[in-house]
Amino acid sequence: METVVSGIRSTGNLHLGNYYGALQNFIKMQDEYNCFFFIADLHSLTTHPTPANLHGNVKQVLIEYLAAGIDPEKATIYVQSDVPEVTELYLYLNMNAYLGELERATSFKDKVRANPENVNAGLLTYPVLMAADIIIHKATKVPVGKDQEQHLEMARTFGNRFNRLYNHDYFPEPFAFSFGESLIKIPGLDGKGKMGKSEGEGNAIFLGDTPEAIRKKVMRAVTDSGPTVENQQKPQEIQNLFDLMKVVSTPDTLAHFDELYNKMAIRYGDLKKQLAEDMVLATAPIRDRINAIANDADYLRKVAEMGAEKARESASRTIREVREIIGFRKF
Ligand code: TYM
């Protein structure tokens, strides 16, 4: 059976981008594959969270994984820092990851631009840790959004380099995975780029948002003054709202508003109201389950312990073999 690995950073509540880009696929894959889904708390250290924030965020992602429908009996759910074998593999892979290629990674360049005072080594080697996460379980499929495509390419590079260096066909190649034809990018509400946690207040709809919060954010989404000719190409901020509608609304609703737009009869207020209600509906079952399990400390502990044990079993098998391949041998 093919192995699947993916993770989400513990940097706050999960949003619709995380859900439609990644989480939804996790849930679909858990029945068919040997799945490992983790909470990337080591990756979140690049921005120096306080101990209380770190712990709170890890717990929140665990709650939201479960609330969204990952089943701990089917998939292995674990916290990345509970599996120290990952950091050991990260060290080995770092020896064959070069400054030039790490500096060229788009995500690194974006982070440097956004926060030039905090260009730390962990940020630079972020894709190496991610490669370790994936290949430690010898995964071949990695359900992620479009923004992670380059990181997957780098994971293949690092795995292949290890294989070549030791002349050993050991790590299989992992590929980014989505059920559709291409990887998904969910836009935010600011009229610009993707939905994200750090893209500014009001840009993201979180799975745990109340219906009122969702309505307020959507009604404030950026729009223009409306089409001026029939069948006009939609500007970015309007296309974004239609793209969001594509994932939360029915095809009929989408077609209806598309037609109104093309006939220049659209009222953005109506479009936003519909979009907000469809988002409220789409997130309702998750929101209810978040509230139901948020305070069940025993259950959360049990899931994390069980997952850590299973993940370590798989990871330590790889590390034993990797040590042997590298040449760390007993006297
Ligand atoms: P992170 O935490 O930024 O995002 C988690 C997942 O959500 C997807 N995603 C989106 N998809 C579509 N549209 C969006 N607007 C959007 N925003 C986020 C991301 O593509 C991702 O799949 N480096 C990773 C975490 C990670 C990881 C790994 C993933 C660490 N090790 C190993 C896979 C395998 C990250 O920062 O994702």
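Any Cβ shown, glycine's included, is placed from N, Cα and C.
In TrEMBL, annotation is done automatically, which means it is predicted and not curated.
What TrEMBL records for R9, S10, T11, G17, N18, G145, K146, D147, I186, K194, M195, G196, K197, S198 is ATP binding site. All chains included, 24 other C-beta atoms sit within 10 angstroms of the C-beta of N18 (ATP binding site).
Per-residue confidence over the motif ''HIGH' region' (10-18) averages out at a pLDDT of 95. Look at TrEMBL and you will find 10-18 tagged as motif ''HIGH' region'.
According to its DSSP assignment, D133 (L-tryptophan binding site) is helical. The C-beta environment of D133 (L-tryptophan binding site), restricted to residues of the same chain at least 6 apart in sequence and closer than 8 Å, consists of V5, G7, F38, A40, Q80, V86. Per TrEMBL, the feature L-tryptophan binding site maps to D133.
Annotation source TrEMBL lists motif ''KMSKS' region' at 194-198. Listed as Cβ neighbours of the motif ''KMSKS' region' (194-198) (distance under 8 Å, sequence separation of 6 or more from its ends, same chain) are residues 11-13, 15-17, 114, 145-147, 185-188, 204-205.
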Most Cβ neighbours inside 10 Å, all chains, among the binding-site residues R9, K146, K197: R9
Taking residues R9, S10, T11, G17, N18, G145, K146, D147, I186, K194, M195, G196, K197, S198, which bind ATP in the record, the widest Cα spacing (Å, whole number): 19
Secondary structure of K197 (ATP binding site) (DSSP, helix/strand/coil): coil
Local backbone state of R9 (ATP binding site), from DSSP in three classes: strand
Other C-beta atoms that fall within 10 angstroms of the C-beta of M195 (ATP binding site): 25
Candidate with sparsest Cβ neighbourhood (10 Å radius) among T11, I186, the listed binding-site residues: T11
